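A.B. asks: Below are the features I grabbed from Swiss-Prot:
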type     : residues                                               : note
ACT_SITE : Glu92                                                  : active site, proton acceptor
DOMAIN   : 98-326                                                 : domain 'Radical SAM core'
DISULFID : Cys105-Cys341                                          : disulfide bond
BINDING  : Cys112, Cys116, Cys119                                 : [4Fe-4S] cluster binding site
BINDING  : Gly164, Glu165, Ser196, Ser219, Leu220, His221, Asn297 : S-adenosyl-L-methionine binding site
ACT_SITE : Cys341                                                 : active site, S-methylcysteine intermediate
Amino acid sequence: MEKSSIYGLTWTNLTEWLEAHGQKKFRATQVWDWLYRKRVKTFEEMSNVPKETIELLTANFVMNTLEEQVVQESTDGTTKYLFKLSDGNLIETVMMKQEYGLSVCVTTQVGCNIGCTFCASGLLKKSRDLTAGEIVEQIMNVQHYLDGRNLEERVSHVVVMGIGEPFDNYDNVMDFLRVINHDKGLAIGARHITVSTSGLAPRIIDFANEDFQVNLAISLHAPNNELRTSIMRINKTYSIEKLMEAIHYYVNKTNRRITFEYIMLKGVNDHKKEALELAALLGEHRHLAYVNLIPYNPVDEHIDYERSTKEDVLAFYDTLKKNGINCVIRREHGTDIDAACGQLRSKQIKRVGVRERMKQKQAAAEE
């Protein structure tokens with residue numbers, strides 16, 4: 001039997017599992033204290049947990065399914081991690097130092113099928129969803145990295161914006177949120193957590209009905225169907241009209257602000273025309289709409305795209321502001337490392353592929 005990650009169990013899951021296996025309910029409190037407060041790396045270190053319980057946990061669960069492969073540190077404090085999963089797949093995680101604390105961007109899938117033409121993540125198609133445990137472990141590995149350097153710093157914010165579409169892995173992402181938000185877990189405040197979606201309208205409605213105060217971000221990137229479909233394949237399934245219907249439901253249900261992410265592509269979506277269209281699109285909910293203008297990180301494989309000029313970004317920003325839309329230009333992180341989402345993973349897979357082809361050629365030559 002393949003063991004699963006202990007980090008994938010919510011508080012309710014762990015409590016019920018322990019009781020079903022003849023253990024006292026309060027053991028869950030002890031185990032979570034060791035996992036998330038003391039942050040031990042083995043079950044054997046849980047000194048106040050009975051040997052019987054330790055043996056039971058060891059027989060059924062593991063604590064470390066991610067293996068650190070590459071760590072890139074930027075001069076601005078951003079750190080990018082490449083992890084290998086137990087099946088050999090690679091994923092990325094990013095830690096960013098902000099004025100308000102330490103923020104970690106997590107991956108939710110191995111690859112991505114959404115098909116955004118400007119994104120490095122979509123170059124390698126989705127092979128599987130991550131488990132809740134694999135998502136939680138990204139946070140824990142970053143925290144262990146900090147602990148190991150005797151840095152008295154704690155992950156305080158989480159953005160679910162890494163490789164993959166979070167709402168295409170909905171159940172595992174929800175369990176992940178329940179673990180990191182729980183007061184006996186990592187206790188990261190709901191309002192310090194943001195989940196981003198490319199626009200899976202039915203899941204936005206589901207998310208509105210969850211008992212969470214977690215922030216929602218929409219990867220919009222275009223204000224009309226023709227343009228959005230040309231750069232985001234998901235728009236063929238969920239048009240802007242369907243997306244806005246779901247957003248209308250979310251806003252009315254939660255009365256919470258939504259962030260709209262808008263990547264600035266030179267000559268594609270950065271004209272005054274698009275800025276005015278965007279302002280009109282968000283007008284009904286302008287009091288709860290917040291636009292995040294994102295400078296494009298060029299990706300080698302996407303030679304058709306360039307980042308908008310600073311002048312065009314500022315002009316776009318000014319047009320939105322003049323039309324009553326709250327917006328900000330995102331501060332860039334890790335510009336001196338593989339900053340674009342999916343870029344480090346893509347490069348590593350290429351390197352491995354080249355090495356394997358060289359080995360095959362060498363073996364063939366020796367035969």
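All residue numbers here begin at 1 and follow the chain in the order shown.
Backbone N, Cα and C atoms are what each Cβ position is placed from, and that goes for glycine too.
The shown structure was predicted, so the numbers you read here are calculated from the model rather than taken from an experiment.
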A.B. asks: Sort out the sequence-distant neighbours of Leu220 (S-adenosyl-L-methionine binding site) for me: same chain, 6+ apart, CB within less than 8 Å of its CB, listed by position.
C.D. replies: Gly199, Arg228, Phe260, Glu261, Tyr262, Leu278
A.B. asks: Check the domain 'Radical SAM core' (98-326) for me and report the mean pLDDT.
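C.D. replies: Its mean pLDDT is 94.
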A.B. asks: Mind computing the max CA-CA distance among Gly164, Glu165, Ser196, Ser219, Leu220, His221, Asn297, which the record assigns to S-adenosyl-L-methionine binding, rounded to whole Å?
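C.D. replies: Those residues reach a largest Cα separation of 19 Å.
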A.B. asks: Binding-site residues Glu165, Ser196, Asn297: which have a Cα within 10 Å of Cys112 ([4Fe-4S] cluster binding site)?
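C.D. replies: Candidates kept after distance check: Glu165.
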A.B. asks: Fill in the CA-CA distance, Ser219 (S-adenosyl-L-methionine binding site) to Cys105 (disulfide bond), as an integer in Å.
C.D. replies: 15
A.B. asks: Compare the C-alpha of Ser196 (S-adenosyl-L-methionine binding site) with the C-alpha of each of the recorded positions Glu92, Cys105, Cys116, Cys119, and give the closest one.
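C.D. replies: Ranked by Cα distance from Ser196 (S-adenosyl-L-methionine binding site), first place goes to Cys105.
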A.B. asks: If you measure from the C-alpha of the residue listed as 'active site, proton acceptor', which of the recorded positions Cys105, Cys116, Cys119, Glu165, His221 fall inside 10 Å?
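C.D. replies: The recorded positions passing the 10 Å Cα test are Cys105.
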A.B. asks: For Cys112 ([4Fe-4S] cluster binding site), just count the other CB atoms lying within 10 A of its CB, please.
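C.D. replies: Here the count is 25.
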A.B. asks: How long is the line from the C-alpha of Asn297 (S-adenosyl-L-methionine binding site) to the C-alpha of Cys116 ([4Fe-4S] cluster binding site), rounded to the nearest angstrom?
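C.D. replies: Each residue's Cα considered, Asn297 (S-adenosyl-L-methionine binding site) and Cys116 ([4Fe-4S] cluster binding site) end up 14 Å apart.
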A.B. asks: List the residues of the same chain that sit at least 6 positions away from Glu165 (S-adenosyl-L-methionine binding site) in sequence and have their Cβ under 8 Å from its Cβ, in sequence order, or write 'none'.
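C.D. replies: Non-local contacts for Glu165 (S-adenosyl-L-methionine binding site): Thr108, Gln109, Cys112, Asn113, Ile114, Thr197, Ser198, Leu200.
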A.B. asks: Have a look at the binding-site residues Cys116, Cys119, Gly164, His221 and say which one has the shortest Cα distance to Cys105 (disulfide bond).
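C.D. replies: Smallest Cα separation from Cys105 (disulfide bond) among Cys116, Cys119, Gly164, His221: Gly164.
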